[in-house]
Amino acid sequence: MRAEIFSPEGEAHTVHGDDEFNDLPEEVNDETFPDLVLAPEVCEHAAITWELFLDHYPSHRMAGEAIFTSIFDANPSLQVLFKSPASVMALKFVSAFGGVLEHAGDPAALKPLVETLGFQHMDFDINRQKIQSFRDAIVDLLDMDLGNTMTSKGKYGIAALINYIGGACMYIRKEYTSRVQMIHTTWAQATHAGQTQDDEEKQETNARPSVAEEADEGNAENAQVTQGAGEATGDAPPSVPTGFFEMFMFNCAVMGYNTSQHWMDLILEQLDNIVMNIANISRVQEECSTLALSLDKFATEVVFGDFRSVAMSSLKACVPDWNEEHEVAWMWLWGHVDRMLSEIRGKPEAQMKRLTKFLDNLSEEDAQRIRKGVHAQFFELAPAGQDYFKQSNTRLYFISQRVIDLSLRLYQDPSETIRQISELGLKHVGLAIPTEFFPPFVTAATHALAQVTDVEAVIEAFRWSIALMGRILARTVVEGSTLVMRAITSDDEVQLKKAMAVAPRGKRASQLLNLSVGTLSISPLYWAIETGSLQVARAMIEDLLTIRADRTVYFYGCDALFKRHPDFLHYLIVHARALVPTLLDGLIWRSRTTVEGERRVNYYVKHLIQDADGNFNQALEWVAESQDTHLACHPVFLLVSDTVWNGLASRFFILDRLAYMFFLVVFMLSQSFLQHLNGGNPDLPSRIATFSCRVVVYLGSIGQMLIQQARTLWTQIKSLRQGKEGSITWFCMDMIPVPSYLTDVQNLFKFLLLLFLVLTCAFDPMIWCLADGSTELFTQSCEAGEVVRDAYSALSMLTLLLYWLILGGLSILSMRLAAFTLACTQVLEELGLFLVALLFLILTFASSLSALDHGSPYFASLPKASLSLWQISVGMFNLGRMEGLDNDPMLLLMLAVFVTLSIVFLLSLLVAQFLGVFLSRYEDMIGYARLRRCSVVVKTVRSLSTRRWTEFLESLQLEEPLEFSEGDIGFAGGIQVTEPAFDHPTTTETIVRFGGSASASMPWPVDPHEFQEDPYELLERQILHLAKKSTVLHDTQKSKLSGGSQPSQASSSIAISSADQQSDEGSGSTD
């Protein structure tokens, strides 16, 4: 048995006979650790009693708290043994004792479970009197709450189990405590963990306020380990190994085991988990099983004794005070690991071959039988599991097939498969699936496979693999089931506050941002958003961005948040935009006091301006892509965009536009002034100046824009080659590909300007005349020039128009002007509707008037009538043409109706539409103008050199701490400004300050009113509890009168209590 690995064999202790049920068992055996064999009816009644007790309370936590209250009231001295918060102790106790009761009828499974509990409580100083006091307090509480509902067999069974657990704890503490502690201490000393802890404590003491929480993050801890190892070397040469792992490699080479280094590296990777969990039997067995899977992949012989020799030599070299006790303790550990590996070695490879051959030859019909049988068997073994599988049958079949595939892949690629299984386990943490369902699922999958084959070797290969998967999943779920994850699952903000109330202040941020199980980790904050628990997610963001302070340190989770999730803003914009204001509001601190009508404001926007490498952050780019006007107008982004714009981007943007302005002035001088001198026949100096201006424009402007377009196009091509999305935009039913940068209006104008300038240069009459050998220098009046002159004039007009459109981008310099420009573009849609209606009227009346017999030549045909009506609509019709219409009253009447409809009605309607659209959209136009500026800032900064960006960052002084008030130095990472006091009235201090101990390992003091429940919910819960108790009492009396048996009575009570509990959950009450 696994239990025999860590403890000597003992005689099984059997409890049976009805005479023993009248009195509680008093024996606490701390001399040996035998199997406990209870009568089946005792196990059944004990389980029923425990269920009745749990149903007596609204939640398991409250039941556990009631137990510890009873224990501490009966024996206050026991309270010093329990250092964890009451809620944590309560949940752990209820879960652990429930597992003991579940295996009470199976001594082989009960003993390892109790042994694990004993190793976990080795630091508890307990004796027989404390165990008896502990047992009596629990039994008395059960008797008081359940009354006659609890049977004597149930009471006896629970008491016997408590005695058994207590005796096991005493025995294990006596036999193995010093040995396990010595192993842990030696390992910490050999791997420099002890020095690392000292370094961390020193850093916490001397850390700047803004770094306090970062020091507690996993990456920071790893950095400290590296630093500690480096400092430990002192002045030693680099070739001299100091740590255990370096010494192991050195000894491996010296002792001639270079050829064995590959498989030894695998053992080294898992050695830390084995050593640190040596008191956990099931975890060590799991690590050895996964290690055996990897070792079987090596063709060379694996001799664990060689590894043990190298490891012991390395430990002795790293531990100066090594003695015989260390030798005994570590040889005990190596013996256990060697025994476990020896039992498994060689089997995985043979089992993989059998399972592979079976699955390869499996028909589709048999495979479908297995898929169907897995969940059918599981629902029979665990009916409650049906509540957690809500998918369709096809989805369940897919899950079954994945299980079968993973069972084989675990043999073929152990490391990658274990990583995938661990990820799956972390997902189950968020789904709140009880670990009690994993063993039945393993059994169900094995039974389903056994339906299609009777080869025992194949069944055993599948069972071993899937059982290991189940243990990994269960461990991952247990290690990951923190109070924070439970709060996320229920989306209960109160539960989250209770969970954080017991968190050390130095670890508060890491508990919200990082949940590590083995080598994998997930973010509870991201998980809350993914699962739709937005209330808890909002509370987590608010908790992270709340400034808390004691006498020595400010705690602020902004750095920890963006260090863990650099793209957190983008993630919120895409998945939970409603939480973005919460994030941005948390980056602002406003002083409660004002000075001369001004309020001090700190904007902690370091992580929105620069990224972790010091480059320009993508925050403004994400905001611009979101097209969210309210987000762009948030004070945080107003500050960020204005800071980068005023400090860096604006001058380079203006310089770029000044170049276009220069070429516009030069080209306009050439086309609009010089060539029209002297009546269109300029003299030679004027022609020379005209040609010079054109050459400057052709060479300067075309060269500049050609380089810009080539660079941009090359960037797009590289992005396309790398497979980045958005590099190409398709038009005309996805038939015409266009580079995405041309979808921007300004980029399109620049591209068209380049095209028209090239065409203008190609059709320039001066160049044609020079090529034709004209007698006059730089003239346009030649035979060749006359051919292209009309085309050139049209191209010149379009070129000048494009120059002015590009310079229209300067409106971004003023937000009001930019908003007005955008508002004008918004009403173009209404203008288009007006033109469509006017065109309809023109065609209607033109066709009618052309059919009328009248004497006016201006309305004689459809084209002439249409042109005349258009001129009337836009005020270009000569009134002199109206003479003589008095003789034709029908024509005059039709024209009067047209003028009324087109000018009076449609034009007035257009004005009203313009006004309505402008008033309704002007506020949004401010936001769109801000979005446009964000885009301009991003494009401008991206085009600048790294040196200019670095100089700009240095000018912001983001690494300098900011003051909260005079003499109160805070932390760095922000920009301090002042604002008028009436802009954002602040009546309360937003910094939460605490007195008392300043230790980072202590939780923050809890406000007793913070967790106060709704009085109506509390009243409703009390009424339901009273109804439940009266129902149970009524059934008890009825059973006594009818002579019903105790088990049936208990079952009835369980059913009623379960129904009441469902009523509690349905009413929306919270614990």
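In case you wondered, yes, glycine gets a Cβ from its N, Cα and C as well.
Taken from TrEMBL, the feature domain 'Globin' covers 66-158.
For 191-236 (among others), the entry in TrEMBL reads region 'Disordered'.
Feature annotation from TrEMBL assigns transmembrane segment to 658-676 (among others).
As annotated by TrEMBL, transmembrane segment applies to 751-771 (among others).
Long-range contacts of the transmembrane segment (791-819) within its own chain (CB-CB distance under 8 A, at least 6 residues past either end) are made by residues 650, 653-654, 657, 660-661, 663-664, 667-668, 671-672, 746, 749-750, 752-753, 756-757, 759-760, 763-765, 922, 925-926, 928-930, 932-933, 936. Taken from TrEMBL, the feature transmembrane segment applies to 791-819 (among others).
Same-chain residues lying 6+ beyond the ends of the transmembrane segment (831-852) with a Cβ under 8 Å from its Cβ atoms: 859-862, 864-866, 869-870, 873, 890-891, 894, 897-898, 901-902, 906-907, 909-910, 913. Annotation comment: TrEMBL describes 831-852 (among others) as transmembrane segment.
Marked as transmembrane segment by TrEMBL: 891-915 (among others). When Cβ-Cβ distances below 8 Å are used as the criterion, the transmembrane segment (891-915) is approached by residues 827, 830-831, 833-834, 837-838, 841-842, 845, 848-849, 852, 854, 856, 859, 869, 872-873, 885 of the same chain, each at least six residues removed from its ends.
Summarising the annotation, TrEMBL assigns region 'Disordered' to 1034-1071 (among others).
According to TrEMBL, the compositional bias 'Low complexity' annotation covers 1042-1061.
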On average, what pLDDT score does this prediction assign to the domain 'Globin' (66-158)?
82
For the transmembrane segment (751-771), find every same-chain residue at least 6 residues outside the stretch whose CB is under 8 Å from a CB in it, and list them.
687, 690-691, 694, 697-698, 701-702, 705-706, 709, 742, 778-782, 784-789, 791-792, 795-796, 798-799, 802-803, 806
Residue distribution over DSSP helix, strand and coil in the domain 'Globin' (66-158):
75 helix, 0 strand, 18 coil
